[in-house]
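Worksheet: the structure to be examined is printed underneath.
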């Protein structure tokens with residue numbers, strides 16, 4: 001039987017320390033794959049800042065779009081996906097424009113950024129308080145890097161807020177497509193290639209890990225710490241299954257390392273791919289692909305003869 005060495009005092013956090021409410025049992029949650037316990041909820045300073053600033057961003061975003069349809073709830077629901085808050089036009093550069101010409105976008109982006117960093121501090125400080133390593137916060141930096149490059153770093157580098165996407169569902173998709181078209185097709189962007197590789201790879205790793213543990217539930221393979229050291233258990237069967245099918249085994253620890261790095265690198269390489277898509281670095285990824293030898297040069301159009 002495995003023993004867990006716990007540093008004395010790590011979990012002696014007191015009765016309150018920012019917790020809100022008492023735990024309650026909701027058995028219905030178990031039908032959706034969750035634990036039945038709900039709460040207690042920890043607020044704390046950073047979490048409060050994250051929720052307040054995130055709420056302000058959401059309020060500005062929704063109300064500005066609501067005003068665009070003259071506060072018509074039917075039209076708001078109908079066109080919600082295509083409504084957006086546009087950034088300032090290129091003539092304003094990095095200056096602060098009137099509210100209805102991009103000012104609301106700047107204000108909303110400020111509160112969104114504060115909310116994201118406050119949430120990072122919340123999960124970091126909570127991990128430290130529990131005596132665990134803040135790897136969840138470290139993983140979150142991959143998403144933060146991509147966000148900062150798209151909304152702040154790249155537009156500031158180019159001296160133009162209009163290079164950032166609008167706040168909206170369809171608007172973000174349109175921005176991604178437009179940047180790809182302007183800079184010669186993202187398919188030839190090596191960082192985009194890596195980002196998609198890590199995106200699909202992390203999805204595959206998660207599916208492989210989840211499928212293996214789910215398949216061995218009847219052997220209690222989800223109790224990994226005790227399972228991994230005993231013969232004939234679900235975990236041993238999982239290791240044998242991987243060796244039989246793939247020739248090697250990723251254990252309950254290493255599979256999470258693989259998944260972490262794949263997911264983190266998805267955001268980091270995506271951020272690099274977006275950042276280098278500008279005239280100062282790469283103006284045409286298709287031409288870059290030709291020069292890098294991963295794409296055929298464009299030849300002259302063959303003559304067309306009509307009968």
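The backbone N, Cα and C atoms fix where each Cβ goes, and this holds for glycine too.
Database features, via Swiss-Prot:
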type: BINDING; residues: 192; note: (7R,8Z)-bacteriochlorophyll b binding site
type: BINDING; residues: 209, 236, 256; note: Fe cation binding site
type: MOD_RES; residues: 2; note: blocked amino end (Ala)
type: TRANSMEM; residues: 45-69; note: transmembrane segment
type: TRANSMEM; residues: 103-123; note: transmembrane segment
type: TRANSMEM; residues: 133-153; note: transmembrane segment
type: TRANSMEM; residues: 196-216; note: transmembrane segment
type: TRANSMEM; residues: 257-277; note: transmembrane segment
Could you pull out which residues elsewhere in the chain have a CB under 8 Å from any CB of the transmembrane segment (45-69), counting only those six or more residues past its ends?
75-76, 79-80, 83-85, 104, 107-108, 111-112, 114-116, 118-119, 121-122, 125, 167-168
Rounded inter-Cα distance in Å - residue 256 (Fe cation binding site), the residue listed as '(7R,8Z)-bacteriochlorophyll b binding site'
24
Ranking 103-123, 196-216, 257-277 by Cβ pairs under 8 Å to the transmembrane segment (133-153) puts first 257-277
Long-range Cβ contacts under 8 Å made by the transmembrane segment (103-123), restricted to residues 6 or more beyond its ends, are 44, 46-47, 49-51, 53-54, 56-57, 60-61, 64, 85-88, 96-97, 134, 136-137, 140-141, 144, 147-148, 151-152, 161, 164, 166-167
Which is it, of 192, 209, 256: the one of these binding-site residues whose Cβ has the most other Cβ atoms within 10 Å?
192
Integer Cα-Cα distance in angstrom, residue 209 (Fe cation binding site) to the residue listed as '(7R,8Z)-bacteriochlorophyll b binding site'
25
Row residue 236 (Fe cation binding site), column other C-beta within 10 angstroms, all chains, value 17
Just to verify a number: CA distance, residue 192 ((7R,8Z)-bacteriochlorophyll b binding site) to residue 236 (Fe cation binding site), in angstrom, no decimals.
38
